[in-house]
Amino acid sequence: MIFNDTIVALSSGRLPAGVAVIRISGPQTRFVIETMSGHLPLPRQAVLRAFYSQGDGEILDRGLLVFFPGPRSFTGEDVAELQIHGGQAVVSAMLKELTGFQHVRSAEPGEFTRRAFMNGKLDLVKTEALADLINADTQAQRRFAQRNADGAQSVLYADWRKRLIHARAMIEAEIDFADESDVPGSVAATIWADTACLAQEIEKHIEGFTAAEIIQDGFRVVILGAPNAGKSSLLNALAQRDAAIVTDEAGTTRDLLDIVLDLGGLKIIVTDTAGLRENPGRVEAIGIEKAQARGKKADLVLFLEDMSDPQMVEIDWLAGDHIKVGTKLDLIEFDQTQHDQYDFCISHLSGHGIADLLEAIKQKAEARLAAAGDILPFRMRHVELLEESLEHLTEAQNTLQPLEIRAEELRLCANLLGRISGAVNVEDLLDVIFSQFCIGK
Ligand SMILES: Nc1nc2c(ncn2[C@@H]2O[C@H](COP(=O)(O)OP(=O)(O)OP(=O)(O)O)[C@@H](O)[C@H]2O)c(=O)[nH]1
């Protein structure tokens, strides 16, 4: 696709910095380079150049210039990257000079990537993965985004579409040549067996979204227990700072308080909650309601009990995974029978058991990820399209429907899969997807 205007942006991070990278893409790129720095350098080779102002011939800066002639560039157009000194004034003078050329303007957020997509350099899934790679905070997020950007997911969907298109072709052949028995019944049986298999694969793939959410948004750990059980003390010990207020007054914590941990590269969100007890005050009751709601949505609940003063707390409503933790170990005489009631016994005073508990949280999170496959849908958008395509595939299996309708359901299913990677009709999605990017990407 040919764009008339050339776009320019600072592609590197916050200024001042040692080096700043300015990126230019579009049909004016060659002219701009030649005007500001002399002849075009060899493709993809870094050269040291002075960059001159058109107005008074002043040198604005010296730096490295790399020229990537289209179509072998990130956007598919002529692209140049200028590595210059990362000072505020240097960069603003250079950007002002560049956008002073005719048909050259500042890029919108994500516009370079959008051009890459329009020119067939990236598909939508890879584009989204690239946005995630740029925003990755933890090593697990980086590795996951890297894998998605490599395109394994797009290959999987392309393979599914191929199977569907083949199935549809065979079914249509059966419709067209029914009388001539050119398509033996056994072929149709094989096709329907394969589409049934595909439906299972898609279903399993959709289930993997939970694992993707854990990687992207974090593994949610919620600390629950009676007032004074030591919940806030545990949160502070895990955070290694005073994130929550700790007093000996029962009911100190009224609201939810989150901290974020990086455990072995995984993002873990730990939430402190209001103590669970019967007949709380009005404000406390709201806190308890919130605690229960968060506990129900948690990936893991740490249920704390003060070993020196155990309280009866109703936790039957807890459906998910939980670890029972005995606290204030330092206050009690050793008693094996009492120890055996808990998965872990800890003391914030002595630090006993905290490291083991952290390790257990990490292992629980890793186990959840290991259970999912390698290729996961990583946007709600993917899941919605997958679910819709699965509905059509299920409908296609319905032997009560005429063959024509079943074939049409296969076509609809393939189209929806095509929308995930952008192979089919996605104009309406583009603004949403590219707005996730920063300027210069
Ligand atoms: N001896 C001892 N005291 C502890 C330990 N952990 C917590 N405490 C004390 O127990 C009291 C309550 O601790 P918190 O961490 O505020 O308990 P909580 O469960 O958050 O309490 P609420 O906010 O009221 O629900 C404080 O005085 C803590 O210093 C421990 O391991 N040993």
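Cβ atoms are placed via backbone N, Cα and C, with glycine included.
What TrEMBL says about a protein is an automatic prediction, not a curated fact.
Other C-beta atoms found within 10 angstroms of the C-beta of Lys121 ((6S)-5-formyl-5,6,7,8-tetrahydrofolate binding site) number 18, with every protein chain shown included. Here TrEMBL flags Arg23, Glu81, Lys121, Lys441 as (6S)-5-formyl-5,6,7,8-tetrahydrofolate binding site.
Annotated domain 'TrmE-type G' per TrEMBL: 218-366, in sequence order. DSSP assignment over the domain 'TrmE-type G' (218-366) gives 45 helix, 36 strand, 68 coil.
The number of other Cβ atoms within 10 Å of the Cβ belonging to Ala274 (GTP binding site), over all protein chains shown, comes to 26. Annotated GTP binding site per TrEMBL: 228-233, 247-253, 272-275, in sequence order.
Per TrEMBL, the feature Mg(2+) binding site maps to Ser232, Thr253. For Ser232 (Mg(2+) binding site), other Cβ atoms within 10 Å of its Cβ number 23.
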Arg23 ((6S)-5-formyl-5,6,7,8-tetrahydrofolate binding site) versus Lys231 (GTP binding site) - Cα distance in angstrom: 50
Inter-residue Cα distance where the pair is Glu81 ((6S)-5-formyl-5,6,7,8-tetrahydrofolate binding site) and Thr247 (GTP binding site), in Å: 57
Nearest recorded site to Ala274 (GTP binding site) by CA-CA distance, among binding-site residues Arg23, Glu81, Ser232: Ser232
Alpha-carbon spacing, Glu81 ((6S)-5-formyl-5,6,7,8-tetrahydrofolate binding site) to Ser232 (Mg(2+) binding site), which is rounded to whole Å: 51
